[in-house]
Each structure stands twice: as structure tokens, then as C-alpha cells.
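Worksheet for the structure shown next.
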Amino acid sequence: MKKSNHPSSNLPCIYQQVNKISPSPYDSSVDQTRTALPRAIFFLLFLSVTNNTPCNAQLSPTFYDATCPTALRTIRTTIRTAISRERRMAASLLRLHFHDCFVQGCDASILLEDGPSIVGERNALPNKGSVRGYEVIDAAKSEVEKLCPGVVSCADILTVAARDASEMVGGPSWSVKLGRRDYSTTASFVLAETSLPSFKAPLDSLISTFKDNGLSARDMVALSGAHTIGQAQCFLFRDRIYSNGSDIDAGFASTRRRGCPHW
């Protein structure tokens with residue numbers, strides 16, 4: 001399958017990229033733990049990320065009002081169904097959106113599958129085995145295509161899905177500016193490997209990485225806090241909760257140990 005450049009595409013959002021591009025496995029089945037995320041962090045997360053997108057000045061909340069007036073309602077129904085089946089999917093959709101936006105903007109390039117002549121972003125170390133929810137975006141795209149073929153971009157569907165996911169698990173809702181384009185030439189395995197923040201990166205490095213993406217230290221704190229929704233894999237933080245260090249609350253560490261036994 002292939003994908004064309006914007007609203008003209010009538011293919012699912014899970015596709016193979018046909019344009020040549022510039023050129024730590026995470027196992028979601030391992031022990032995991034879950035905590036809640038305050039509403040304010042959700043708001044800061046998407047206030048920052050959804051503005052980091054190409055041609056932002058051309059975006060509008062009413063972009064599809066004339067061409068596909070039921071698009072947002074249709075996407076919302078699909079997202080609600082997915083989250084009702086698996087509540088964790090809300091966190092997965094939020095993370096999928098962030099990992100898309102942090103690499104060259106919110107262009108849906110993370111959805112591109114590898115093809116004979118290209119390597120997409122999905123198998124990059126920060127994404128492989130941990131980023132999920134592709135099939136939910138594909139389902140939303142398929143439903144929208146039944147109503148308005150070739151009109152709504154996958155990038156907009158992913159952005160709207162993240163907003164709806166936030167609201168459906170108790171976070172805020174907000175007006176999403178629409179009109180993003182799907183770019184079939186922008187996926188970059190290399191940038192996905194090097195641009196996404198590492199969970200082990202030192203503070204100075206994290207601040208610099210976020211600054212490179214037009215985000216402040218305040219934005220960085222909000223985005224880091226966003227990792228406390230959903231499920232985190234034990235191997236990512238086991239060393240911290242068993243370190244007995246002075247920089248982690250002892251009670252919090254003890255609680256986390258109950259779900260993550262020491263090897």
C-alpha cells in the first residue's frame with residue numbers, strides 16, 4: 001500500500017512509504033505499573049505539542065466544516081470504542097501523537113511502514129515494541145473515508161484522537177486546529193532514533209533537546225510528567241526504585257517495588 005500527500009488520500013493510515021528517504025527493544029509484555037496524570041499536565045502537553053506542526057498559521061478548527069462536517073464526531077466514536085475496550089489505549093494514543101510530533105512535526109510520518117526502498121520510524125528504538133495504537137487510527141480513517149473519501153488527513157485524525165483520548169480518561173478537551181498534511185517523504189528512522197528524548201538522558205541534554213523543538217523547560221516537565229499515565233515497563237525504572245537514593249521519595253519507591261520485583 002502507498003500513501004499520497006494530503007487530503008486526497010483515500011487509503012488507511014497504516015501504509016507503506018514509497019518515497020525514498022534519508023536514511024532498545026521495548027517489550028510491552030513485561031511487568032508494568034500504572035499511575036495517574038493530573039489534568040494540568042495533559043493540558044500543557046498538548047498546548048505545546050499540537051503547536052509544533054508545519055504550516056501552523058494555515059490551520060483552523062473549522063477546516064473540515066464544509067468538506068466533511070461529521071469527521072470529528074466519527075473519529076470520536078472510534079476512539080471511544082477503542083478506549084472502552086482497553087482503557088490503556090488512551091495513553092497509547094497520546095504517546096503515539098507525541099512521538100509523531102517530536103520528529104519533524106505532526107505529519108503522521110510515524111504511521112509509515114517500511115517498504116522495499118525505505119525505512120520508516122516505527123522500528124526505531126524509542127518506538128519499536130512500545131508505541132502502539134496504529135490500528136485505532138487506521139480504524140478511524142476507514143470510518144471517515146466511508147463518509148468523505150480523500151478529504152481528512154491521517155495527521156489530523158491522529159491529533160484529534162489524542163485530544164479525544166485525553167478527555168475520555170478524565171483529562172481536558174480543547175479546540176484542535178485542523179488542516180495538517182500527510183507527508184510521504186518526511187519519515188526518518190535516523191531522526192526517530194536520535195531526536196526522541198531518552199529516559200536516561202541527563203537534565204541538560206533534555207532541556208537542550210526540547211529547546212531544539214521550540215519547547216521550554218516548563219514544557220519539558222509537562223511532557224515528562226505525561227509518562228505517568230498508562231503503563232511503564234519495569235526495566236525502564238527498576239534501577240531507580242532499588243537505588244535507595246536521596247533523590248526519590250522512599251514511599252513512592254516502595255510502592256513501585258511491589259509491582260516490579262528485583263531481579
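Using N, Cα and C of the backbone, Cβ positions are placed for all residues, glycine too.
Positions annotated as domain 'Plant heme peroxidase family profile' by TrEMBL: 58-263.
Per TrEMBL, disulfide bond is recorded for C68-C148 (among others). DSSP assigns C68 (disulfide bond) to coil in the three-state reduction, placing it in neither a helix nor a strand. Sequence-distant neighbours of C68 (disulfide bond): residues of the same chain at least 6 apart with a C-beta under 8 Å from its C-beta are V144, L147, C148, V151, V152.
In the three-state DSSP assignment, the secondary structure recorded for R95 (site 'Transition state stabilizer') is helix. Taken from TrEMBL, the feature site 'Transition state stabilizer' applies to R95.
Summarising the annotation, TrEMBL assigns active site, proton acceptor to H99. Counted within 10 Å of its Cβ, the other Cβ atoms near H99 (active site, proton acceptor) come to 20, all protein chains included.
In the three-state DSSP scheme, G105 (Ca(2+) 1 binding site) falls into the coil class. The Ca(2+) 1 binding site feature in TrEMBL is assigned to D100, V103, G105, D107, S109, E121.
Residues or ranges marked as disulfide bond in TrEMBL: C101-C106 (among others).
Residues or ranges marked as substrate binding site in TrEMBL: P197. For P197 (substrate binding site), the same-chain residues 6+ apart in sequence whose C-beta sits under 8 angstroms from its C-beta are F102, L206, T209, F210, L223, S224.
Under the heading heme b binding site, TrEMBL lists H227.
Annotation comment: TrEMBL describes T228 as Ca(2+) 2 binding site.
Residues or ranges marked as disulfide bond in TrEMBL: C234-C260 (among others). DSSP gives C260 (disulfide bond) a coil state; it is part of no helix or strand. The Cβ neighbour count for C260 (disulfide bond), using a 10 Å radius over every protein chain in view, is 20.
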Confidence summary for the domain 'Plant heme peroxidase family profile' (58-263), mean pLDDT rounded: 89
Other CB atoms within 10 A, centred on C148 (disulfide bond): 17
Separation of alpha carbons, C101 (disulfide bond) and D107 (Ca(2+) 1 binding site) (Å): 7
Secondary structure of C148 (disulfide bond) (DSSP, helix/strand/coil): coil
